[in-house]
Every structure is written in structure tokens, then in C-alpha cells.
Amino acid sequence: MRLIYLAVLVLLVLSMQLTLMAAAASDEEDIENEITSRQFSLKVGEGVKIGDYRVELISVVSVMDGLIEVKVWKRVSEFEDWRVMEDHRDANFDEGAERGGLTLTVIDIFDEEAVRMRAEYRTNFGYPQKYVTERALAPKNLPKLEVSTTVDKTEISVGDEVKATVTVKNVGNDTARDVTIQDSPPLPQFRYLAGYPPKIKNQLQPGESDLAVYSMVAATEGEVKMPATVARYADSKSTIYSATSPSIKIDINPKRRPNLVLNVDPPAPIKHGGQGTINVTVKNDGDASAYRVVVKAEVESQGDGLELLKGSLDESFFEIPQGELETYSATFKGSRSGIYDVNLKASYQGDGEMMQKETAFEVAVLEREYKYLYYLPIVPVLIMSVWLFRRYREYKY
Amino acid sequence: MLNVLMLGIGQCGNRILDAVNRESFGGSSKLSKYYSRQKFPSRVETLAINTAVNDLKELKFTTAKNRLHVPNLHGVGANRSIGKQGFWDNREMIMEEIERRGDFDIAFVMTSASGGTGSSFAPLVVHELKERYKNITVVAVMVLPFREEGSIYLQNAAFSMRDIKEVDSDGIILVDNQYLKRLSGDIKTAYDKINDMVAERILFLIESLDSEMLSVTDLGDFKTVMRGGLGMGTLGFYESDKKTTSLTSAIEGSLKPGGLLYPADVYEDAARAMIIIQGSRDSLDVDEITKSVEKLSTKIGQVFKGIVIKKGRPKVLSVFTLGQVPDLEMLYAQAAQAIQDEKSRKTRAKKQLDDAFAYIEDLEEIY
Ligand SMILES: Nc1nc2c(ncn2[C@@H]2O[C@H](COP(=O)(O)OP(=O)(O)OP(=O)(O)O)[C@@H](O)[C@H]2O)c(=O)[nH]1
Ligand SMILES: [Mg+2]
């Protein structure tokens with residue numbers, strides 16, 4: 001777009017120079033071939049007289065898209081041209097200014113009612129003169145449609161379904177005919193399920209509204225700008241109008257899936273012959289429920305070293321909703337010293353996929369502690385003191 | 001196994017008994033009683049008897065139950081009459097205490113001859129033992145005083161020796177403090193040394209009598225020796241050191257005056273003798289022993305020989321009784337002199353007092 005602007009600008013500058021040069025040249029040559037350029041503002045229903053040409057602004061089709069509709073005709077001639085003009089693009093009418101016609105350019109679209117334009121024409125056409133068209137003067141019994149498109153959510157994830165509702169309402173005071181809805185071509189980011197393309201009643205009485213609903217499923221992640229929906233309709237004189245809805249932005253997040261996190265709270269080293277409890281927490285950190293969760297433990301060299309007393313390290317849960325957690329525990333008795341590697345494996349389903357998570361930890365069973373060893377030195381000391389005391393008593397007179 | 005009774009009476013007797021007990025712990029350490037066990041060669045019962053509690057308290061190696069205080073008397077102050085009375089008053093209690101300790105083959109009654117308690121109790125105890133035990137051999141160990149200790153001690157020694165001779169003991173072993181005084185400068189260490197010597201010899205004797213001897217000597221032989229001569233004798237002892245390992249010199253050493261507890265010329269004065277030799281098997285040669293003893297046996301006839309095989313350097317104990325006791329005679333002479341002196345001093349003093357009283361004869365007290 002910028003390039004186009006640039007080109008237009010260059011063209012403009014060039015043409016201005018050309019005009020100047022032409023003007024300089026025409027001083028000596030034919031003054032009739034001289035081309036002049038004038039700017040003027042127009043309201044819907046207004047016109048401009050330039051020589052025998054009449055330029056009338058029929059409507060502003062879209063402010064956003066920079067489209068207006070103009071009617072250009074020439075007095076006492078066959079020439080009549082209806083055209084939708086694009087902002088900043090030169091349009092030649094009746095073969096353009098060079099050939100004795102008009103070249104029009106939309107410079108600015110102020111709002112739905114007013115634009116600023118430039119016209120190029122032979123200098124001898126004189127100054128442009130504004131006038132009010134018959135249509136503007138005529139009582140306005142016209143249809144006017146309002147279009148809006150809404151979606152039920154603007155932030156979704158891949159795989160989520162979105163419902164779009166297109167509402168068209170006739171807020172004018174005449175029947176809107178030949179109503180058609182033009183949605184932008186199907187967006188690649190969605191799969192369309194039902195109701196697409198949306199259809200609206202052919203005719204809408206003043207005050208009447210209609211809506212069309214369609215649903216689609218997000219297919220790829222990213223930010224999607226749903227373009228405006230355009231409704232076209234005609235009034236009783238088959239004059240064609242259009243209305244557009246504001247555009248909508250939808251964020252599509254990556255697909256939702258459960259994500260289980262296994263957290264093990266292993267026991268402090270278990271004393272020989274003592275007990276230790278292993279607490280397991282299964283948390284769903286994802287954004288979808290995990291189903292059919294099965295946790296299985298493998299204890300290396302299980303046998304008689306670690307004896308299960310209570311509970312189990314194997315567990316299963318039908319569902320762990322997102323953000324929720326489940327805990328369970330198992331109590332073991334350490335009957336042989338050593339380090340036991342425990343591997344916990346959780347398998348679960350989410351959105352038809354099988355997923356797995358693993359975690360490993362160690363349970364240490366300490367060497368047998370000979371506690372009473374500490375008392376051992378006390379025994380001889382005690383025996384000795386008793387012995388000494390008895391001896392002392394025996395000899396104390 | 002012999003059943004041996006050892007009585008230590010009076011301070012001196014108590015302390016010798018304590019030395020015996022200490023010796024039996026095997027060490028000379030003061031703390032040996034805390035870590036060691038008494039090892040008597042036989043079944044030995046010891047009993048310390050005294051009228052003075054303080055003397056009993058002073059003992060270290062004699063168990064409390066083996067210290068018998070004879071009540072109501074806090075020492076007899078060297079007065080043998082009070083001592084005798086004390087014994088009579090407590091005779092049953094004392095004898096019961098002894099009899100509770102079972103039957104005995106031999107008893108040693110150890111005392112000083114010069115104190116009050118020991119010297120007065122000992123003859124009576126000997127008598128009681130002889131009465132109460134059928135086949136007992138009772139030997140008195142009498143310690144003679146330093147001669148300079150004073151007339152009372154001398155008197156006591158003289159009279160107690162007579163008393164002990166009168167009761168039918170199986171023999172008296174003399175220990176002379178005066179003779180052994182040379183071993184140490186101060187009295188306290190001299191006492192300790194003498195007591196140790198006595199203890200060592202008596203324990204050696206018991207051990208030997210109770211061992212399988214190579215040459216036959218037994219309690220009967222010992223009794224025979226002790227009953228010889230005047231019925232009193234002494235002990236000689238010699239332990240080989242590194243330099244003198246010869247058996248002959250060891251035997252001779254045990255007979256030399258320096259090895260005796262009482263001064264005597266064994267070759268001249270001895271009536272009967274027994275020589276006990278202890279040593280390792282290879283150090284003992286019967287022929288050599290016979291030869292060494294020959295000199296003595298030609299003088300006094302048969303000498304009983306005991307040979308005990310035991311590891312260590314040769315040790316020799318000689319036991320003999322004497323046919324004459326010149327030193328004791330001298331003691332008696334001194335005692336008699338002392339008594340005489342005492343008597344004349346008393347009469348002199350009496351006379352002086354009487355003279356003094358003469359001044360107030362016929363006078364009345366006036367206030
Ligand atoms: N060899 C030796 N002689 C001692 C010892 N203690 C005292 N004597 C001597 O024994 C005599 C005094 O007799 P003691 O045994 O103390 O008197 P006791 O039998 O306790 O009689 P009293 O004290 O009078 O009741 C003195 O001649 C001292 O030299 C000692 O430990 N060893
Ligand atoms: Mg005393």
C-alpha cells in the first residue's frame with residue numbers, strides 16, 4: 001500500500017510539474033489544451049459542476065476500505081458513469097483530463113457523509129461549482145442496513161469451536177432489497193462446520209432484522225483478524241448500497257492438553273527396621289482434564305528390602321481436571337539397608353492422545369544401628385564403679 | 001588345703017595382719033585392693049582384734065568385717081591387767097567371732113609383746129584356741145620392743161613372754177624390733193618394713209606347707225621344729241637377686257643373722273631347723289641343697305628340707321627354734337632392773353609424799 005501511495009505521490013509531483021511545464025508551454029501554444037487541478041469537498045447528495053461535467057457523490061461505501069461511489073455525467077450528452085472509487089487512485093472519466101474528460105482522485109474520506117476530492121480538467125472549463133442533487137433534495141425514503149458480526153469468544157485454543165453471528169438490521173425507512181451478505185472468503189485458520197456461508201433474508205422491511213449463525217473450529221494457532229462482513233442491498237430505485245460490520249480479532253492459543261506433574265515427597269532415610277511414608281502428588285498443570293490416569297511404580301530390587309506396609313504406589317484416577325491434584329501415599333518398612341530406586345510412571349489420556357510422565361526418586365534404608373553400643377562403655381564403667389564402691393565399703397571401717 | 005587362721009591383736013598385731021593382707025593382693029600398690037583379688041595359698045581367715053578403734057581404722061587392706069573391736073575399752077594404755085580383764089569380759093564374743101570362721105589346722109597369733117592389748121590378749125587367745133580346736137597348731141608371733149621404749153614396755157614384754165610360754169602354744173616366733181631397727185632410720189618406715197618382712201615370711205611358710213613338696217615336710221614337721229628347744233625361734237629368709245643366683249649362697253643367706261627376725265647364731269643356738277627352698281626346677285639341685293645344709297645338720301642333727309618347684313629366682317625360708325636366747329635373757333634382765341628401779345622410785349616418791357603429809361598431821365582444815 002505504501003508503495004502505491006509513494007507512486008501516487010511521485011505521479012502527483014510529476015503531473016504538477018507537467019502541468020506547470022504545460023502551462024508554461026501553453027502560454028505560447030493553445031490555451032485550450034491547458035489542464036488545471038482543483039480540490040473540493042463533497043457531501044453525499046452534493047455535486048460539482050466542472051464545465052459541462054457533473055460529479056455527484058452517491059455514497060461513501062466504506063470509510064475504512066477507502067471506497068466511495070460517484071456518478072459522473074455530462075450535460076447534453078450520452079456520458080454517464082457510476083463508479084466506486086478507491087482512495088488516492090486516479091480515475092479517468094470520459095477518457096480523462098488529457099483528452100478533454102475528467103480525472104478524479106479521492107484525497108480524503110472524512111466520514112460516511114463527506115469526502116475531499118481533486119479534479120483535473122482543461123482550464124477552460126472554469127471553476128468547479130457546487131450544487132445539490134435532486135436525490136438529496138428528494139425526501140429520503142431509503143433503506144439503511146446495519147451489519148454486525150459477533151463471536152461467542154475471542155480467545156480460544158486450537159480445536160475449540162467458535163460461533164459467529166451475523167446480524168443485519170434495516171434501520172432505514174424503506175425496504176432493503178436484494179440483500180446479500182459477503183463474508184470474507186473462508187479463513188484458513190478455521191475449519192467451518194455449519195451455517196457457512198451465512199445467508200440473510202433477501203428483503204428486510206424497515207426495522208426488520210435477520211441473523212445468520214455459523215460455527216467453525218480453530219485449526220491453527222495465532223492471531224486472526226476476521227474481516228468486515230459487507231451487506232449489499234438496493235433501494236426501490238435499484239440504487240445499490242452497502243454496509244459493513246466492524247472487524248473482529250480472535251486469538252487462537254495452542255491446543256489444550258492435560259499435563260500431569262508427578263511430585264514425590266520421599267521419606268527421610270528409613271532406619272533399619274523402621275518405617276517411611278512416600279507421598280505422591282499427581283497434579284494436572286495443563287489446561288484440559290486428564291483421563292484414565294494410571295500411576296505405576298517400579299522399585300528396583302524390590303524383594304525383602306522394602307516391604308509395603310500400607311497403601312500402594314500404584315494408583316489410578318478416572319479424571320484429574322485441569323488445575324486439580326490428587327494425592328496418595330504408601331508406607332514401607334525398610335528391612336534391608338540399601339538405596340532403592342523407585343520409578344513412577346503415570347500414563348493418561350487427553351483429547352484422544354495417550355501421554356506419559358515419569359519421575360524417579362530414591363529411598364534409602366540405613367544400616368542397622370547398634371544403639372545400645374553407646375551404652376556399652378557405660379557398662380564396664382558401671383561395673384567398675386560398683387566394684388570399686390563395694391571394695392570401698394568392704395574396707396571402710 | 002590348709003585352713004589357716006591369722007589373728008592380729010593390738011596395734012602391732014593389727015598392722016602386721018594388714019601387711020599380710022596387702023601382701024596377698026600381690027602388689028605393693030596402695031590401690032591394689034581396688035583392682036586385685038586376695039590370693040592366699042590356702043584358706044586363710046584373718047581377723048584384727050583391738051581395744052582401740054583408731055588402730056583398727058588405720059588399717060587399709062583388712063576388710064571391715066575382719067576388724068573386731070573389743071568394746072568398752074579405748075586401748076588399755078599398756079596396762080596388761082586391764083587388758084586381761086577386757087578379754088575375760090568379751091571372751092565369748094571374741095571366740096565366737098573366730099569360731100564363726102570355721103575349723104582351722106593352724107593359727108598364727110600375732111602381737112607385740114610389749115603393748116597392753118595384744119600382749120595380754122594373745123596368751124589367753126592361744127589358750128582358748130587350744131581348748132576349742134582339737135587338732136590345731138597355734139603359733140604365736142611375738143614382737144619385742146625397742147629397748148629404749150621404756151620400762152613399762154620392757155616389763156610387759158617380760159611378763160607376756162612368760163604368759164605365752166605358760167599356755168601350751170605350739171611355738172613362738174620372735175620378731176625383735178630392736179634388732180630390725182637398723183633397716184630404717186625412722187620408726188614409721190621401720191615398722192612398715194618389719195611388718196612386710198614378717199608377712200612375707202609367714203605367707204611363704206603357709207604356701208610351702210600347703211604345696212606339694214619334693215622333699216617331704218608338712219605341718220607335722222613344722223610342729224616338730226617349733227616344739228624343739230625352748231619352744232621359741234624365728235624365721236630367716238633369703239631371696240636371690242640377679243647377682244647371687246647360686247643355691248648354696250641363698251641357703252646360707254637364710255641362716256645368716258642378717259636374714260633373721262631375731263638375733264641368733266643359728267649354728268650355735270638352733271635346736272631344730274627346717275629349710276624351705278623355692279625355685280624353678282632347673283635351679284634346684286637336691287645334692288647341692290643337701291650339701292649346703294650339711295654344715296647345719298652336723299651341728300643340730302636333722303634339718304627338715306622342703307623343696308617347692310615354682311617359677312622365679314630361688315627363695316629360701318629357714319624356720320628354727322633355739323636352745324638358748326641370750327638377747328631375751330638380756331631383755332629380762334633389763335626388765336627386772338626396770339622393775340626394781342620403778343619400785344624404788346615409787347617407794348622414794350611415796351616416802352617424799354608421806355614426809356610432805358607429815359606437815360599437816362594433826363592439823364584441821366580451817367575456813
Ligand atoms: N614391728 C612393729 N612393732 C610395732 C608396730 N606398732 C607398734 N609396735 C610395737 O608394739 C609395741 C606397742 O604395742 P602396741 O601393739 O602398740 O600396743 P597394743 O597391743 O595396741 O596395746 P595398747 O595400745 O596398750 O592397748 C611397741 O613396742 C612398738 O614398738 C608395728 O607396726 N610394727
Ligand atoms: Mg594400741
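Quick reminder: no glycine exception, Cβ is built from N, Cα and C everywhere.
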### Query
Which one, B:N3, B:N21, B:N135, B:N195, is listed by TrEMBL in the same GTP site as B:Q11, B:C12, B:G13, B:N14, B:R15, B:G116, B:T117, B:G118, B:E149, B:N177?
B:N195
### Task
List the binding-site residues B:Q11, B:G13, B:N195 whose Cβ sits under 6 Å from any atom of ligand 2, in sequence order.
B:Q11
### Query
Of all the binding-site residues here, B:Q11, B:T117, which one's CB has the most other CB atoms within 10 A?
B:T117
### Task
Would you give the longest CA-CA distance, in whole angstrom, between residues of B:Q11, B:C12, B:G13, B:N14, B:R15, B:G116, B:T117, B:G118, B:E149, B:N177, B:N195, the set recorded as binding GTP?
20
#### Entry: Residue among the binding-site residues B:G13, B:E149, B:N195 whose Cβ has the most other Cβ atoms within 10 Å
B:G13
### Task
Averaged across the domain 'Tubulin/FtsZ GTPase' (B:3-213), what pLDDT does the model get? Just tell me the whole number, please.
91
### Task
Let me know how many other Cβ atoms fall within 10 Å of the Cβ of B:R15 (GTP binding site).
26
